[in-house]
Amino acid sequence: RCGMRSAKCQLMAASFCVMLLGLSIATLSTVTHYGLRFSLISDISPESSSYRVIHHAAFYIGICLSMTLILAALLSAAATVRESRCLTAMGFFCFALAFCGLVPAVCWRYTHSTEVEDSMLDVYDLVYEEVRRNGSSFRRHELIAVHKEFLCCGKHSPLGDTAAVEDKTCPPGPTQAVGQDCLQAMQGVLKKHMGFVSTLLGITIGFVVYGMALTSFLWFSIHFSSNLDRKGKYTLQ
């Protein structure tokens, strides 16, 4: 009974933390999808661009993971209060389902670490080269928006002849004077964002594994406690 009470207290605390992590993942997914910088690159990217696919997939996967984590936390908390084997098993199943989604996400993050960055920079290169070849192109307004949003100005091109593009598309002020390379600025923004994503996923996996262990222990504790309560009781017929 003492071990069961301890497990229930730890499971309630873990459920609260998992719920907060689920809300954090949902918030991060929303910011990634609707944030000005990332949504701007998605809007100007071609239909066949891999960045647009990654951008939408990250949002939907993040929302699904967050909903699974929140459901696991609610079921575990309810199972702790009611000491229900059914709710405990459902909570364990949701934790396991979230674990099966988190592990591939982390693996993809490290095995395809440069894919997101390359697709993002490819979009900028495409827009930049179109404006360089045709100054009156509609892409010019898109390039101006990118320079304004990322606080950068053009890029270092081996082909040269970039001054004309930068004079027309870079916002006036310190950014144009310094001439910060947009490719480097995008890499810096994306690196910070992906670092935060990796940290959040790592913490979430740790709590999910902890929740799986606690729910399984609680299920066995409830099961054996129920059997012990019935032990020695007989019905005369």
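Placed from the backbone N, Cα and C atoms, the Cβ positions cover glycine too.
Automated prediction, rather than curation, is the source of TrEMBL annotations.
Of the listed cysteines Cys153, Cys182, TrEMBL assigns the disulfide bond with Cys170 to Cys153. Looking up Cys182 in TrEMBL gives a disulphide bond to a cysteine among Cys107, Cys152, identified as Cys152. Among 12-34, 54-75, 87-111, 87-111 has the largest number of CB pairs under 8 A with the transmembrane segment (196-220).
Cβ-based neighbour count (10 Å, all protein chains) for Cys170 (disulfide bond) stands at 21. Within its own chain, the transmembrane segment (54-75) is flanked in space by residues 15-16, 18-19, 21-23, 25-26, 28-30, 32-33, 38-39, 41-42, 87, 90-91, 94-95, 97-98, 101-102, 105, 115-116, 119, 204, 208, 211, which lie at least six positions past its ends and keep a Cβ under 8 Å from the stretch. Cys153 (disulfide bond) sits 6 Å from Cys182 (disulfide bond), taking the C-alpha atoms as the reference points.
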